[in-house]
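Submitted below is the structure of interest, expressed as structure tokens.
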Amino acid sequence: MSCLFELIPCPYQGCRAQLLRRDLDAHARHCEHWSQPCHMGCGTVLSHRTQAKHNCYRQLRHEYEARQRNHRAIAAALQRKMRRMQSTMADMKRQIGLICESLEVMDELEEVEEEDLGETSGSFSSSNSSS
């Protein structure tokens, strides 16, 4: 085990800082010479300055694919909703057709009843006038 109070040079190329071993992690977070390959694997070597601005194509691709999946899910949900609405419309058209047929039958019945009443009252009045 190494002594935490040992004086060591900064491991990053170009940095001339000498620091205690225990301070190495803190120094690495701020060292201007720190560099590391992109954690997404695109191969870009990043510094503290470039890391925040780095738009890794893999990250962008993952975000794009996630949005695509989301859009597909929304489109599928909309298609299901549209099919339900079309089914409801077809049911409503069928019901309207049945109502129209019922109204036509009722109109025909009223006409027949009116004709029957006209014939009955006409024959009743003619039988009354002959007596």
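Placed from the backbone N, Cα and C atoms, the Cβ positions cover glycine too.
The structure displayed is predicted, hence computed values, not measured ones.
The feature zinc finger is assigned by TrEMBL to 2-42. Under the heading domain 'TRAF-type', TrEMBL lists 2-42. Annotation source TrEMBL lists region 'Disordered' at 110-131. Summarising the annotation, TrEMBL assigns compositional bias 'Low complexity' to 119-131.
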If you run through the zinc finger (2-42) with DSSP, how many residues end up as helix, strand and coil?
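Residue counts in helix, strand and coil order: 8 helix, 8 strand, 25 coil.
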What is the pLDDT of the domain 'TRAF-type' (2-42) when averaged and given as a whole number?
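Averaging the confidence scores along the domain 'TRAF-type' (2-42) gives 90.
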